[in-house]
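Engineer: Below is one structure. I have some questions about it.
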Amino acid sequence: MPTARPLAIVATLFMTSGWIHQASAEDGDQFLDGIGETALISRYRFAGDLKDGSRNGLTAQEKDQGLQFVDDETFGKVLQLPGGEDGAYVQIPVDAIGDAVSFSVTGWVKVDSETAGQVFFDFGKDAEHHLTLVPMGEGRENGCSLAIEAGESLPLQGPKSFRVRPQTWVHLGAVLDAAKSSLSLYVDGARVGRQEGVKASVESLFDADAPRATQIFLGRSLDDAAPRLAGQLFDVRFYRSALSDSQISVIHHNAISDEKITAVEGDGRMESYREDRPRLLQEGLEGVPDITVTTAVGTLPHLPAWVPGTYAGGVEGPAVRVIWPSPVDNEAVAKAGKYTVTGKVPGTDFAPKAEVVIEMTTTPEDQPKATLQPFPLGQVVLSPAPDGSPTPFMSHRDKFLRGLAATDPDRFLYVFRDAFGQPQPAGIEALGVWDSQTTRLRGHATGHYLTALAQACASTSYDAELHAAFAAKMDHMIEVLYELSQMSGKPATAGGAAVSDPTQVPPGPGKEGFDSDLSEEGIRTDYWNWGTGFISGYPPDQFIMLEHGANYGTGNDQVWAPYYTLHKILAGLVDVYEVGGNAKALEIAKGMGHWVDQRLRALPQETRIKMWNSYIAGEYGGMNEIMARLGRITGEPRFFETAKLFDNTRFFFGDAEHHHGLAKNVDTIRGRHANQHIPQVIGALETYRGTHERPYLDVAENFWDLCEHGYMYSIGGVAGARNPNNAECFTAEPNQLFHEGLSEGGQNETCATYNLLKLGRELFQFDRDAKYMDYYERAMYNHILASVDEDNPGNTYHVPLNPGARKSFSNAHMDGFTCCNGTALESGTKLQDSIYFHGSETPGLYVNLFVPSKLDWKDQGITLTQETGFPFAKTSTLTLGGSGEFPIFIRVPEWTTDAFTVRINGEKSSVPIHPGSYLKLERSWQDGDVIALEIPMGFHLRPLMDQPNIASLFYGPVLLAAEEAEARSTWRSVTLDLDDLGKNISGDPASLHFQIGETQLKPFFEFYNGFHSVYLDIVPAP
Ligand SMILES: [Zn+2]
């Protein structure tokens, strides 16, 4: 712990605004200095090594001679650079800045000598295109300076301050804010200079033809003639966002004070609420009537997010969004009676009331069953558009199938062989990013890979060669994993010692306790002591450490998320079994299922409650889902009990006595990590499917409604909280996306949307409510299809929706996976999975999505060919092959009108049309029957619930984003006639490219490298 140094600057900062003194509910490195870890790309403490202390594994490299780690009285151990003409310096991997639009660098430096021109860092492609921080120039004019230049297009410019004192630790910070075109310099936590109007982009510092040739140096200039740094470095960090003044102050303060600040506000919202603007409300709205809602004792009422408005002259108008209070418990409904709550309509003075009638219910609750199911993947094949061109669905699929076909399965087995101390096949290297040697999540990509191979295998019923290639990879994976799993808990040599009981796993040989050291020197490989059935990408220690209370972090006494990794692996194995009938895959999954069951069953309930409530460390993906699936597949009821051992009790049921929580419609989503929790809800639904215990279904249905209305962005994604300050978390309160969401560091984690899609399609199978498939279509077009690069399977982690943001793609070569890169393998190999469903007990056919495809309904001897240019065309034609008597249900999307028409063999059907529901066609179908659909499409807006002027523009299901030339700090403003949105919009529905004045719009799924504005500031036309 460094000694506190009384610096005047700290005292004054305590008086500035923007500070929040509170202990964060969750601790660990992910809220390092109150800044969400997703913004942190890499961190070098230099306390004895060059390792990256973030989760990204971007180890730095020593260059030239003389680098040492020395003792320091302020920071303990630090890095010493010798200086001189060719003294050692440090090279940082270029991914530490990569494709960031804005970025920040901070770190401690102590300069030994007064030699002018020594650099703290330099970043760029050469000495004429770089960004550099020089702590010590000549005199005031050339004192401490931060400067950028990019050849002739951008002459040298940047802020300056007094030169730093030699022999003294100084905290330096540099922030390039592309949206504000500014470059700011910080010394000891205070901003000492800012240059405005810096029209520099990170790209200008890269050589477009050789991006990897760009260098990031610490202690050395890109100019060979400049002197090298003689001095010390400590805790250098790279952030992929423009840190605020308060954030940099806190990094500095926390390093030298024992009073840590753990929550900090980022920059203020770009514009405050626009009271001066008329809201986006239909002309003539006179009021929102009071309503009455009934609920059962103990369950919070389901208050409607949309209430029909009253319009002048009694004309019909659109429903109005109402925000109701969201209590944190269910005390208000503890006993039968009545009470009243008052809602608000953002941007108006309307305050509708809801009278809540609380009834004592005595009738047993019903237990709905899933009455729909999807078709096996091989029975639905995507087709090209009518003009023969590939659809967005097809090109997305083909990028992934091509990428997957080129992978070597042995790379995905690397960490498993390593954990079991087995040799690697010649020339095989570990994957990178989150599957590298020492990354505590290693093996997660392997799980996704198994699922992807299984799905690719099933989906390529149209291509025997591809199908066989995927099958061969899949079988090879299972052979090796089976062999390893069979070694666990059994003697390595005949008669040798072994520990078969999973609850008796001892610490590794020569170790005193359990640790998460996965380095080549430190990893334990004594598989004979691990209990029978154990399989993972690392030894069992992380599971055991979690039981003992270890938190999330990169130290050897910390864990990442052991059950998260395991869920991916088990889901992959079960997918291989279900798709390929590979019995060994099921054996591996069962063996590990029993291992997990025995360990968790031995724990007190309080320990499990604490584990599953702990941030990231307790993230278990959908372990409950996979255990319930195993129960269903194997018929072993014990697995349903194992599934319940994963109940996230506080989230689902409020407390150990199940007093409230989601099951009682209490919003326990607040502030939680989105993708940690969504799969748990999928697991609750799967538990219900197996046990028919109603509270699990209530958890899933209530979560959906609370999430959809209170936390969802227009593209169908969630998270991006600025409070708590973590781009992967839900906001601290519902209905706060404008005020507390849209975090600079990102939002809309792609995994989270993938999991919401999965949850929605499962819920649809229970209650057939079209809202789930309306969501499915919206999130597929506007997030999943929008998440992949133009010519390769590189894909997004977060999808930022701030004005003038840009997507960032990674993993084009499938060799280094974040969570979202793994999930993308799954999305990309099952794009056809929800186009059609069929009844599981009665033979009805559901047409959910308008995507050209061919269905081969083998059970009924029916084929259905869907031909459509949708969404670039407004028609779809369904042609039947075979005959039979069964109903066909067709989705009438929420965004269309009652002019939606159906013609059967040319004759117009009189079936009633209600947008947002399914229409039903029932007859004795004959071979060759043709159902022709006309699907009216038009413009509509989806505003942010707490700032109704900020909205996304849609054409049908397709979100139209504005093309931007560069990053922005203000919302893009467009003028629209609210009574006729299309009036001010020109363009071509056949290409979905439109204009509003100067603003060019195109589908969000067609954005790759350009900047976008997904939300627009809508000015109502006079
Ligand atoms: Zn993810």
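Heads up, the Cβ atoms here are built off N, Cα and C, so glycines get one too.
Predicted automatically and left uncurated, TrEMBL annotations should be read as such.
According to TrEMBL, the protein has these features:
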type	residues	note
DOMAIN	290-347	domain 'Bacterial Ig-like'
DOMAIN	391-484	domain 'Non-reducing end beta-L-arabinofuranosidase-like GH127 catalytic'
REGION	493-517	region 'Disordered'
DOMAIN	531-832	domain 'Non-reducing end beta-L-arabinofuranosidase-like GH127 catalytic'
DOMAIN	845-937	domain 'Non-reducing end beta-L-arabinofuranosidase-like GH127 middle'
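Quick one: where do these features end up spatially?
Structural biologist: Across the domain 'Bacterial Ig-like' (290-347), DSSP helix (H, G, I), strand (E, B) and coil residues number 6 helix, 22 strand, 30 coil.
As a summary of secondary structure, the domain 'Non-reducing end beta-L-arabinofuranosidase-like GH127 catalytic' (391-484) carries 62 helix, 2 strand, 30 coil according to DSSP.
Beyond the ends of the region 'Disordered' (493-517), by six or more residues, the same chain brings 438, 440, 523-524, 526, 528-534, 538-542, 544-545, 548, 550, 555-560, 594-595, 598-599, 602 to within a C-beta distance below 8 angstroms of the stretch.
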Engineer: Find the average pLDDT over the domain 'Non-reducing end beta-L-arabinofuranosidase-like GH127 catalytic' (391-484) in the predicted model and report it.
Structural biologist: 96
Engineer: Determine which recorded stretch among 290-347, 391-484, 531-832 has the most C-beta pairs below 8 angstroms with the domain 'Non-reducing end beta-L-arabinofuranosidase-like GH127 middle' (845-937).
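Structural biologist: If we count Cβ pairs closer than 8 Å to the domain 'Non-reducing end beta-L-arabinofuranosidase-like GH127 middle' (845-937), 531-832 scores highest.
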